[in-house]
Amino acid sequence: MAVNAERFMEGVSEFHQGFWSSTWTLTKRQMILMKRDPACLQGRAMLVIVVGLLFAILFYQFGLDDTQMTMGVIYASVLSQGLGEVAWIVTFYDARVVFYKQRAANFFRTSSYVVATMLVQLPLAVMETLVFGSLIYWLGGFVYELGAFLMLELLLLLILLVFLSLVFFLAAASPNLSIAEPVAMVCVLFYVLFAGFIVSKNQIPDWLVWLYWLDPVAWTVRSVVVSQYRHPELDVCVYGAFDYCAMYSQTMGEFSLGLFDVPSAKSWVRYGIIFLVLVFLGFTLLTYFVLEYYRFDRPENVALSVDPKARKAKANDPKDDAFSLVASPCASDVDILGIDARTETVLRIDRIDRKKKVEPVTVAFKDLWYTVQHPAAPVNQPRHSIS
């Protein structure tokens, strides 16, 4: 049988489809599943529109010369985009159970599933970024230039994808939601604290500054701020009838960036994009490895076979007192004190037939009567002598 199985199954592929065909099939399936949940899509759309309008109304045409206000708007916008994606952790976790069953049956590759899941989220992420970013940028009063606007949209899209890949990884690597959701909140907490706005870089202790450089929110805020303040419209000596070069020997943009210890080189915009792409790919690869090699579909209670020799050696071990025979005070006549608790004991329990205490009784009724409601008769018609 083994020889025949090896001969006939050697040329059979493990999966029915290739990688790209399987990925495309999974992408179409994920799109269908997403369309079947219109409440989720409508909720996401309403959330993005409402939050975007609130931000646009609260920060309508703020002045770019107020660096703290500008940093606050950018920081809040970036963070709100990321926090909105944490809710997907429940969806990813529920889909994991189905993935385990289908992957065990070789329906598709794990890599195809991960890529398809991220591809399906991409159109929705682009729409959210366009709506939210447009409301914030044009109503907020940022630099009125298309290139700067597209740069903001790109950075918002990347941070959104980073948060998506993070929650996807946590949903795959956590045994249950009771662990995944708190861990996600802890990650968000670190992103908030070390983003460079609440606590600037020069105020972070040296032994914690590495968290600042690993924070994707900090990289996004830094890239957006540099792209705005190093724009030719703001990178000038005189702005708002104030000469920054004469007073601080810096342009208005360089001086504003220095208030929050943000590097002023334009290359930091490119570095931020590269870092966010690497973080997104890193979390996606980690998700693949976890789903492929570290799963939680095994039963919690596993019975392991024990070698008889090992069992005998364990029984003779004086330290093995994990189990002991306990007698019931009323129903057992076994001498517990005379039995070694470390040996096997078989108790024979005889079945005791109990006799019935109650004799069967026959019950009869005589002269019963009841009434019947007839539709044509106004008075109920009694029925007598029923036995």
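Glycine is treated like the rest: Cβ placed from N, Cα and C.
In TrEMBL, annotation is done automatically, which means it is predicted and not curated.
Here is what TrEMBL records for this protein:
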- 23-229: domain 'ABC-2 type transporter transmembrane' (DOMAIN)
- 39-60: transmembrane segment (TRANSMEM)
- 72-93: transmembrane segment (TRANSMEM)
- 113-140: transmembrane segment (TRANSMEM)
- 146-171: transmembrane segment (TRANSMEM)
- 183-200: transmembrane segment (TRANSMEM)
- 268-291: transmembrane segment (TRANSMEM)
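Listed as Cβ neighbours of the transmembrane segment (183-200) (distance under 8 Å, sequence separation of 6 or more from its ends, same chain) are residues 71-72, 75, 78-79, 82-83, 86, 89, 166-167, 170, 174, 208, 211-212, 215-218, 221-222, 260-262.
The stretch from 72-93, 113-140, 146-171, 268-291 that makes the most Cβ contacts under 8 Å with the transmembrane segment (39-60) is 113-140.
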